[in-house]
Amino acid sequence: MMVHAHPDDESIVTGATLAKYAAEGAGVTLVTCTLGEEGEVIPDDLAHLTSDREGTLGEHRIGELDKACLALGVRDHRFLGGPGRYRDSGMMGAPTNEHPRAFWGADVEEAATLLAQVIREVRPHVLVSYDEHGGYGHPDHIQAHRVARRAFLRAGERAMPGTPWQVRKLYAIAQPVSRIEESIARLREESGSFTPPARVSDIARGTPETAVTTRVDATDHWAAKALAMRAHATQITVEGERFALSNDIAQEIDAVEYFTLLVGPTPRIQHGEYETDLFAGL
């Protein structure tokens, strides 16, 4: 089970992993916490959808997410608490952080209980979300981490009505600094029509190498990831092996994805090596 903040996050940072496990026959569930109502819109012909105009971007992005899930082979998708229960909070410090339905302001225990109910229904062995920094500091990503971490415990508590289920492993999505730096070097040579990134922070906060435990090589599923990213047309421009968000900064579409094991059996690996399977040790 993967827990993401907005439609498109699942494809950008975990799309290849989702496609790999879905293709291998694993039960894959995607939980999205908001509709992404505050996203910027790239195509001019869809600019009318934004929250400061028609305000229908969230509904439109449901359709984009449906297409992305189809591309990835994800058959079980849920919105946390149902579509629209929690709203995109916008970037940190934005007035939309104070919206009464903003996910950033949601009661963590309440949201975690909703997620725990899904966990008990689906009974996953592995739960994946963000690290405590939310990858790049977006409030909804930080909140998704908090909610997923609490739900990981909540689902196994006997004090919660229903049959407990204890997920075996909890992961945070990782973006190794060295991997980003290597990508930046390539993009400085060839970024297509996009602006080449100047520094690591142009792409992500970056994860220290010592914190990265797991490397999933899903190269065979690169095309599925790229197709899923194309489905999020309001948010992502795909050009060959590269893409850009609304900031027009080039990034590579990478089908090798990284994670940090937060809770679970310690990987039996040599120093300097990675665990290669999210289900290892189960």
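Cβ coordinates are placed from backbone N, Cα and C, and glycine is handled just like the others.
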Quick check: of His133, His141, His145, His221, which does Swiss-Prot put in the same Zn(2+) site as His6, Asp9?
His141
Taking the centroid of the Cβ atoms of His6, Asp9, His141 (Zn(2+) site), which other same-chain residues have Cβ within 8 Å of it?
His4, Ala5, Asp8, Cys33, Thr34, Gly36, Tyr130, Gly134, Gly135, His138, Asp140, Ala144
Coarse DSSP state, helix versus strand versus coil, of Asp9 (Zn(2+) binding site):
helix
Just to confirm: which same-chain residues, 6+ apart in sequence, have a Cβ under 8 Å from the Cβ of His141 (Zn(2+) binding site)?
Ala5, Asp9, Tyr130, Gly134, Gly135
Taking only same-chain residues 6+ apart in sequence, whose CB is under 8 Å from that of His6 (Zn(2+) binding site), what do you get?
Thr32, Cys33, Thr34, Leu35, Gly36, Gly39, Arg61, Asp88, Asp140
